[in-house]
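As recorded in TrEMBL:
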- CYS31-CYS241: disulfide bond (DISULFID)
- CYS74-CYS84: disulfide bond (DISULFID)
- CYS89-CYS96: disulfide bond (DISULFID)
- CYS147-CYS230: disulfide bond (DISULFID)
- CYS152-CYS213: disulfide bond (DISULFID)
- CYS160-CYS176: disulfide bond (DISULFID)
- CYS180-CYS189: disulfide bond (DISULFID)
- CYS190-CYS200: disulfide bond (DISULFID)
- 1-21: signal peptide (SIGNAL)
Amino acid sequence: MASKALINLLLLLLAVTGGRSDLYFHYENRCSYTVWLAASPSIGDADPERNPETLEIFSMPDDWTGSIWARTNCANNASFYFSCETGDCGSGTIDCQSPPPTYPVTLLNFDIKQSVVSYEVSLNHGHNLPVRIQPVGGSLVDGGGSCPVVDCVADISNVCPSNLVAKNKNGQYVGCYSACDQLKDPKYCCTGDFSGPGACQPNEYSQRFKQLCKLAHTYPADSDPPVYRCSGATGYNVTFCPS
Ligand SMILES: *[C@@H]1O[C@H](CO)[C@@H](O)[C@H](O)[C@H]1NC(C)=O
Ligand SMILES: *[C@@H]1O[C@H](CO)[C@@H](O)[C@H](O)[C@H]1NC(C)=O
């Protein structure tokens, strides 16, 4: 696989905003299709298009809290307005500027404070493609031990209830909405009466996600597994469509 991979090495020596860390994220696209990386807030990735079987090594800001995701099926229309079937940023250009993305989208959430990094895979805004986060080295801040993988690798389309299915304009499945985003019920969103400690419980929709993706967070109060805090990892491998 490595021999086929096009290694795209981006070493940003000068920071655009804030300092760059020694923390390198390896973004590998193992999907059979191109994805367009996106991050909010921006990580300064000027060339977010990732072809299949490519690896990008990217130095992350040393103080950054945000989400990373992959956009799918992006294209310019006849008036050069850039948009994507999932994860679209709404900017009309390949550069996201200030998203939130359109849902559904599988989110990789990170909180980087120098060498201590919290990380999770979240299905709180649905699912558009399989992902994995693999810390490279490091140990858990709470309790020690190595920093575990988190991922959601399974094909969610198999368990996506029909009322949560997202389709493109040709009627093809492109992702699965979260119950909160699609049904807007406080019970699923953990808001209002459901916002207090213990008030928000897994629901029939989140349980379907959980069945296939035990290491991902499937509703807003999901704390199983906890959000891992990892210290001293040299990097994080982020894989889209890990097999
Ligand atoms: C391209 O997309 C934009 C945004 O949806 C729309 O305003 C514009 O009319 C589209 N252009 C064409 C030629 O379809
Ligand atoms: C992380 O990715 C790099 C580049 O693909 C690879 O060489 C390395 O073995 C990976 N490390 C882990 C822990 O998966």
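Note: Cβ is positioned from N, Cα and C throughout, glycine not excepted.
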Neighbour-count leader, CB within 10 A, disulfide-bonded residues: CYS74, CYS89, CYS189: CYS89
Densest Cβ neighbourhood among CYS84, CYS241 (disulfide-bonded residues), 10 Å radius: CYS84
Listed in sequence order, residues with CB under 8 A of CYS31 (disulfide bond) and six or more positions away: PRO52, ALA70, LEU129, PHE240, CYS241
Those disulfide-bonded residues of CYS74, CYS84, CYS152, CYS189, CYS213 having Cα within 10 angstroms of CYS230 (disulfide bond): none
Rounded to the nearest Å - Cα separation of CYS180 (disulfide bond) and CYS190 (disulfide bond): 8
Sparsest-packed of the listed disulfide-bonded residues (CYS96, CYS147, CYS180, CYS190, CYS230) - C-beta count within 10 angstroms: CYS190
Euclidean distance between Cα atoms of CYS152 (disulfide bond) and CYS176 (disulfide bond), Å: 13
Disulfide-bonded residues (CYS160, CYS176, CYS213), the one with most neighbouring Cβ atoms at 10 Å: CYS176
Proximal but sequence-remote residues of the same chain as CYS200 (disulfide bond) (Cβ under 8 Å, at least 6 apart): LYS187, CYS190, PHE194, TYR219, PRO220, ALA221
